[in-house]
Structure formats: C-alpha cells, structure tokens
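Inspection log for the structure reproduced underneath, given as structure tokens.
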Amino acid sequence: MLRIPVRKALVVLSKSPKGCVRTTATAASNLIEVFVDGQSVMVEPGTTVLQACEKVGMQIPRFCYHERLSVAGNCRMCLVEIEKAPKVVAACAMPVMKGWNILTNSKKSKKAREGVMEFLLANHPLDCPICDQGGECDLQDQSMMFGNDRSRFLEGKRAVEDKNIGPLVKTIMTRCIQCTRCIRFASEIAGVDDLGTTGRGNDMQVGTYIEKMFMSELSGNIIDICPVGALTSKPYAFTARPWETRKTESIDVMDAVGSNIVVSTRTGEVMRILPRMHEDINEEWISDKTRFAYDGLKRQRLTEPMVRNEKGLLTYTSWEDALSRVAGMLQTFQGKDVAAIAGGLVDAEALVALKDLLNRVDSDTLCTEEVFPTAGAGTDLRSNYLLNTTIAGVEEADVVLLVGTNPRFEAPLFNARLRKSWLHNDLKVALIGSPVDLTYTYDHLGDSPKILQDIASGSHPFSQVLKEAKKPMVVLGSSALQRNDGAAILAAVSSIAQKIRMTSGVTGDWKVMNILHRIASQVAALDLGYKPGVEAIRKNPPKVLFLLGADGGCITRQDLPKDCFIIYQGHHGDVGAPIADVILPGAAYTEKSATYVNTEGRAQQTKVAVTPPGLAREDWKIIRALSEIAGMTLPYDTLDQVRNRLEEVSPNLVRYDDIEGANYFQQANELSKLVNQQLLADPLVPPQLTIKDFYMTDSISRASQTMAKCVKAVTEGAQAVEEPSIC
C-alpha cells in the first residue's frame, strides 16, 4: 500500500465490531501545545511542524511537499530549527512534540535553506526568460526570498535528455529538481504508475523508464504541481506570460461534474484553462479534456446566421432574414407540429427561454438527447435522477456498487474521489458491466443486468455485503439507461436501494441510489420539465424542429419528413448544423454568463471570459429576439429577468453552489414495480470503455486539434505526434 501522509499515518486506528479498520478523531482534550517563534498554538498529536507553522500563518518554503500527496521529505527546503535540538529538521515530515519551540527564521534555519537552495540551483539552467513557468515559478520566488545573493558554483551544469510522454505535457528535464511530486500524483491520485525515477544522486532522472505515453485522463495536473518549469503545457508553450492574461473564474461543461476552472484570456482569445479550488467537487484537479480542449473554441465556429437556398446550399445572411424565416414557420405551424431537442452543452437560461417559446405555440414537445426512463416514478422525483450522495460524500461511503458505467472516463473527478476513498478509507467497490481499468481494485460481478435481480432478491453473495454496509452507494451510469431495458434497470436499482435502506443500518439522511450523468445540461433540462429522449419526435415527426445545440446525432434527416423545417442554434458546425435549413450562431460556455446544474444537483455559473466570435449571440437572447419577431414576445429583457423566470419554474436553479437535498420516497420504489419491462441479456457496455473514447465526446472537443492528437497518440503511440523541439 502507498505511504499515506504523516498526519493520516499517525491517526489512531481501531477495529470495528465487524473487523473493519476505522479512524478515530482526536479529542479536544488531547491537543498539545507547541510554540512557533514564541507564539503558542494548540495542535493534534501527529501534526507536522509545517502544519503547526501554517496554523499560525507562518509560511514555510517547500518544493516536494503537497497537501494532497504523501510526504516525501526529499527537497529539504523546509528545514527549520527546533530549540535545543542538535540539528535542523524537515518540517514537512517531522511530527511535533509537546512544548517544542519551532524557530522558523533563526540564523541556523536561514543558513540551512540557503545551502539547500544553492545545491538546487547548482545544476538548474538559467532558462527563466524562455521558460513557460516564468512568473509563477516556486523556484524563482523561493530563491529570491530564501536563497543567497550569489553563486559559488563554477563547474559545468549537468544536462538531461527530455522525455516524450505525449502530446499534452512538455518536458524539459534539465530543469527538474527531483521533488517527485509528479510521480506521487501519478501513483496516488491518477492511479497510473507510469512515472518514476532512475539512477541515483547526480544521475537521478524522472521519466517513464522506457519511452511511452503518460496514459491518464488527469495527466495535465502534473503541470500545476510541478514547482519548476520541468513540466509545462505543450499547447500553451511560448504563447503568453501569466501577467499578460486576464483570469476569469468559471466552470467546466465537458462533463456533468461541473469542475471549477479559471479561464486565462488575452486579446479576446482563450489562452489556457486552469483548475480552481472547490473542495466539494474537483478539489484542485481537472481532467485533460477540460484543460486542453479549449483550442476547439476557435475552430469550426458558427459566426454568422445561415439559410439554405433554393440549390440546397447554406449561405450567409443577416440576423433579420434568418429570424424572420424562423418566425414565419412558427406562425404557420402550431402545437404538435413544432418540437425541440436540447443538446448536452445548453445552459438553463436557454432551456427555459426555448420552453417558454414553444409553449407560446401550444407545443410541449421539448426533448433532450439523452434518454431517461419515464415509467414508474421516472423524472417526477428529483432524487430519481441525481447523484444524491454528492461527489464529496463518496469519502463517507464504505461500499460502492457501480452499474453500467466507467466513471474514469465519464466523470474523471468523481472517479478520483472513489480512488481517494479506496486508498485512504478502505472503500469496497464492485462493478456490474464491462471490465475496465478504474485505477483501483474492485469486485467484478459480471456484465449482465440480470445480476441486479439476484442482488435485489438477496440470492447474490454481494447482497450480504450491501446489507452489512453502514453507508452504501449504488451508482447507476446514465449510459445504461439509453438501452431498451433502461426502465427495467432503473427499477431494479431502485428496488436494491430501497431494500438496503430497510434491511441494513443505513441512517435516514444517507442516500443509497445515485445517477451519474455524462452531459452538463441533462439535470437542468429534467428540472425544467423536458422529456428525456427523442422517441416522442420519432413517433410524431414535426413540421418544424428546433435543434438547440443538439449535436449528439440522436435524430437524422431520415427520421423526419422531407418538408420538415430544421433550425439549428449552436456554436459549432458539428453534427446538427449540416442538416439545418436555418443556422443561428450561439455563444460557447466561455462567452456567456450562464447556469449549469451538475450531476449532484448543484447549480453553478459560467462567466464571460471572451466575446462571442463574429455575429454570434447568447442563446437566450436569440430566442428572445425570435419571439419578438414572431409576435409572441417573451417577458424578459435582461439576464436577471431570465433568472427570475428560472426561479419561478425551478427555484433550485438559482441557488448557486448549493445542493438541495432530494428526498427519496418509498413511493418511488412502489411506482418502479409498475414498470412493465424485462431486463435484457445483453451485457452492460459503457460507451467510453478506454481512454481513446474519452477525448472527443462533444462539439468542442471534436473540433480540438489537441484532442485529435491525443487520440492519435493513444492509437499509434506518442511518437506519431512528436513535434520538433524549439527549445
């Protein structure tokens, strides 16, 4: 087992009655008193010197130490003096003892740090003017603050050959100071043992031993944790300096997790995307698709309205002409002749505006691309389609049953939580579905959905495991609900969850049943009353079809009458735009203030980082203008007014960064028994089986050259996308 952080390693362990190892919190009366530069502070036993110093606001320099990684203690930059101790100690690895007086700025501490810094700089190249880490480099900052003012090293510096670890991370290994943060991240957080050290002493190198790609959906995070410029972003190389960019706090919409991000822009262009701390969602990590797919925001964009001419070709036109044509069709056709499909990247403001517009023409055929069973309780109960336990709540669970999902590629940050709990809390995981690499061990129960019946009836051995669990979770992937027996699968999972609550020691507040969504718009659409799936449109093909960012290919021209008038509103010329008669260019998530609801039901906002390209406009504004031209004006003119309308329809949509607990009623399970559908024998196979299936899943990532390089590198090897080095 990996070495866990010192603080956790020293927590008292106790055996539960059932033999499980549990951690016990330290009582307040057991706190010990230590002194930091003469200032008293009370800390728990096992607290390190560095943590005690931080508690009183004293920052200790460090390179190898990271709060979310195990303690390595190999950079020695955090050396401090302990009063009456013979030698300085490494603050990150030394637990405090009662009565210690820690001297952080004594002559001995300063001299020790100067010596360590001198050794670190002895072989470090003077690359600062051409290094992408310049301006946000820990080595720059700490050498300025804690280092000497001159160098005594006159010999030649060592040089290390760079490693090719894929199309995302650029390596300049001569700059590496062997802090091993990247190695520990790879093995502990990402769960991929691709990185390690070879050699010793002055010959030590960090790399992959044999040349291979760093195969992880979280690989870009090693760029952030690298304290020097040894690991930088290949797509961002030599494009901008940190002080030249404007930072905008926003959220990611590439999956349904809703990771918090910072969008860095310059001169109206997105230069890079970085993670933003949110302990309850993504902590401080983001997936590679979130980080690197931003170049897709400037490719294949729809920048002007377009209409199909008499020759069947799409030609540019004015907003007035395009909206007038659409308005004419809405005035001609009413009721069931008008329908709409919402795509995976659509915000809540656009969803409610489109809903209001179609209601004005007496139509309620508003559908989502993703299917969700409506039989039984269906979408009437919010708890039926949410990750009720929450993402952070995974760390409290003791047993997790995954059904028909591959969270590693469907929701990488949710999977990282599962791994974290498995690593530190002895979480037991089981999977029903295709055997996949989840980066942690699990019990594979099989791939047949009929196993759910056995678990529900109590005849399966895993039923006993769930029964004995204190806080079990059943996580059903939304991809499993796209099947013809989706309603039966949902009913079976609901039955399992209800029986666990009745027979085990689950408390009233703990939610057992969870749905893991894959797309960012699904929860908000269901909250607003959209019908999941396009079956209603296939059964009753409309005369006018409005595709709002619908690029999933769930419906084609062949599914519709030849005279069906199709409007596509979105930001990329992907799957939906080519079949449209009118194209209305919309804004992407970095170009608008918009509301999205993640898989746990948490509403969050994107913020405007750049302006939309060309004549593109925000989606709700386009729909509002269309309603006015069609003579059915919607009653809102500003973003605040649209959000007031959102609050009228579903109040939780404007309670930002708050989760409204969804009650799971027993009636939901009773209604699920009315589902008249049988489980199929077909195996549960998630659509994103391997990392190759992870990179290009929506209109933005499909337009990204960086994501295309990743797919090529995975299938053909990292050498297939290797570019000549400039530096």
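Glycine is no exception: its Cβ is also placed from the backbone N, Cα and C atoms.
Residues or ranges marked as [2Fe-2S] cluster binding site by Swiss-Prot: Cys64, Cys75, Cys78, Cys92. Swiss-Prot lists Lys84, Lys467, Lys499, Lys709 with the feature N6-acetyllysine. According to Swiss-Prot, the domain '4Fe-4S His(Cys)3-ligated-type' annotation covers 108-147. Residues or ranges marked as [4Fe-4S] cluster 1 binding site by Swiss-Prot on the basis of sequence analysis: His124, Cys128, Cys131, Cys137. Among the features that Swiss-Prot reports, [4Fe-4S] cluster 2 binding site is placed at Cys176, Cys179, Cys182, Cys226, with the record citing similarity to another entry. What Swiss-Prot records for 245-301 is domain '4Fe-4S Mo/W bis-MGD-type'.
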Any further residue of that chain within 8 Å (Cβ to the Cβ centroid of Cys64, Cys75, Cys78, Cys92) of the recorded [2Fe-2S] cluster site: Arg62, Phe63, Tyr65, Ala72, Gly73, Asn74, Arg76, Met77, Ala90, Ala91, Ala93, Cys179
[4Fe-4S] cluster 2 site shell beyond Cys176, Cys179, Cys182, Cys226, criterion: Cβ within 8 Å of Cβ centroid: Ile177, Gln178, Thr180, Arg181, Val206, Ile222, Ile225, Pro227, Val228, Ala230, Leu231
Fewest other Cβ within 10 angstroms of its own Cβ, chosen from the binding-site residues Cys78, Cys128: Cys128
Chain-internal residues, separated by at least six, CB under 8 A from Cys75 ([2Fe-2S] cluster binding site): Arg62, Phe63, Cys64, Tyr65, Val116, Leu120, Ile177, Gln178, Cys179
Nearest-integer angstrom distance between the alpha carbons (Cα) of Cys92 ([2Fe-2S] cluster binding site) and Cys226 ([4Fe-4S] cluster 2 binding site): 17
Other CB atoms, at most 10 A from the CB of Cys64 ([2Fe-2S] cluster binding site): 23
Conformational class of Cys128 ([4Fe-4S] cluster 1 binding site) under the three-state DSSP mapping: helix
Three-state secondary structure, which DSSP defines for Lys499 (N6-acetyllysine): helix
Candidate recorded positions Lys84, Cys128, Cys176, pick with smallest Cα gap to Lys709 (N6-acetyllysine): Cys176
Cβ neighbour count (within 10 Å, all chains shown) around Cys179 ([4Fe-4S] cluster 2 binding site): 26
Distance [Cα-Cα, Å, rounded] between Cys176 ([4Fe-4S] cluster 2 binding site) and Cys78 ([2Fe-2S] cluster binding site): 18
Spatial separation of Cys226 ([4Fe-4S] cluster 2 binding site) from Cys128 ([4Fe-4S] cluster 1 binding site) - C-alpha basis, Å: 15
Those residues of the chain, 6+ apart, with a Cβ under 8 Å from that of Lys499 (N6-acetyllysine): Ala456, Gly458
Most crowded position, judged by CB atoms within 10 A, among Lys84, Lys467 as modified residues: Lys467
